[in-house]
Protein chains: 2
Amino acid sequence: MDLREIDQFAKDIIFEAGKRIRDAFSYDIKVETKADANDLVTNIDRETELFFIDKIKAFNPNHKILGEEGMGEGIESLDGSVWIIDPIDGTMNFVKQHRHFMITIGFFVDGIGKLGYILDVMREDLFYAIEGEGAWYNDSPLRRLNPLPLEEAVIGINASWIAPNRRVNHEKMIELVHKVRGTRSYGSAAMEIAFVVSGKLDAYISMRLSPWDIGGGTIIAKEVGAIATNLKGEPSSLLAQDTFIIANPSIHQEILKNYIEEK
Amino acid sequence: MDLREIDQFAKDIIFEAGKRIRDAFSYDIKVETKADANDLVTNIDRETELFFIDKIKAFNPNHKILGEEGMGEGIESLDGSVWIIDPIDGTMNFVKQHRHFMITIGFFVDGIGKLGYILDVMREDLFYAIEGEGAWYNDSPLRRLNPLPLEEAVIGINASWIAPNRRVNHEKMIELVHKVRGTRSYGSAAMEIAFVVSGKLDAYISMRLSPWDIGGGTIIAKEVGAIATNLKGEPSSLLAQDTFIIANPSIHQEILKNYIEEK
């Protein structure tokens, strides 16, 4: 398997999809709500996923595809060559802000992450990695993350997890908020993961993410030394919803051990 | 007084200051901490404020200047022509992310806001307003905000105010978090205000802001119909720290009345 060739193919279709989305802003955006009112879906979201499926099937009909919009076949294992795709991560930002939404893609072979991509669509900024070769932000190599004490960390976390919730002891999360230098929340998991791998945030925590939210990002994480796991400290599931933390290696264990108490 | 002339002057110096800051990224950023470790200050911050003071004093020596870094004269009233300046709002973003920080400036005559500016320095995006003439995002007029129910609102709020704190009843803030569609936190008050005036957020709340954080933004708010007050519903102080909320007019009163309980 020629990873370089697949990497070039992936970049080509990601940038083309980004351009299609930017162009589509000249048209009205039709929005419908899924069961969860927080989860807006747009036509563009679906069209972008179909675009990726068509391109990948033409590139290699044996490759399997797992996408947020479910336009690909359902998959039950990561055997073989698998693309995990979120055509638009941060749908509410997309609808409301017309910025801060990402295309994110991971390419796995027999469950091993080989290529990872996060494109900030409106900025045309690409974070990406090739397994064992490193990670880049556009044309610049991403450096391995420098250690820092938790007191100096800025972490991405949504307000829902600081309020009482069914997933974790929020009292512990409040302690974490008081411990760190600052918190941020951007409304796009892939954006927050891209910020962690590039040192713009030092950690990002979520109690409920799907494989397509994290697939690409976990591959980039590995190349810069960021640690990405679920809240038990194990690899997050790539076939089902799971909890998630990605962090600078110097604070990953400390956050898990002292501040996360799952219910 | 020719407001158009002052507006042109203000834009010239804001864009020039923005360019100087972007250029300065080629050099190392020296960081020192103020009393509050959360409040990082950089040399560039101070140099930018001095740049504004020099330019304004050359433009009109009678104009007074209130700036975050305190390089101007202290002022005790808003009599006469007063510039309220934050050379870099979002200092921690500046240091860590190299993006998401703003220059923000308000120009007041006898306490009345005449000209307001928020420049996203790295994007070179300018949000601005001229009293009574309207507001713009770069070359596009900003529309008056459309009403929406609180359930559909996305609001900017820092995690500190959802955790127990000395300023407000955090239990009420938790109710607000559960009521709205989503929350965001960007680490720059001026950025969050710019997002509210342009409909990218529907409200932004903070328990402690300074005049330079909000001076420019409140002037833009007026032109798009956003309501900006302190948490008692009165105009926020422009001479001292105060609480702050800026919101879409359809939800401003509802948030204040049902979800804010000051201690």
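A Cβ is built for glycine as well, from the same backbone N, Cα and C atoms used for every other residue.
Within the same chain, the residues at least 6 positions away from A:D86 (Mg(2+) binding site) whose Cβ sits under 8 Å from its Cβ are A:G67, A:E68, A:M102, A:I103, A:T104, A:I105, A:A190, A:W212, A:D213, A:G215, A:G216, listed in sequence order. As annotated by TrEMBL, Mg(2+) binding site applies to A:E68, A:D86, A:I88, A:D89, A:D213.
According to DSSP, A:D89 (Mg(2+) binding site) is assigned to a strand segment. Ranking the binding-site residues A:E68, A:D213 by other CB atoms within 10 A of the CB puts A:E68 at the bottom. In three-state terms derived from DSSP, A:D213 (Mg(2+) binding site) belongs to a helical segment.
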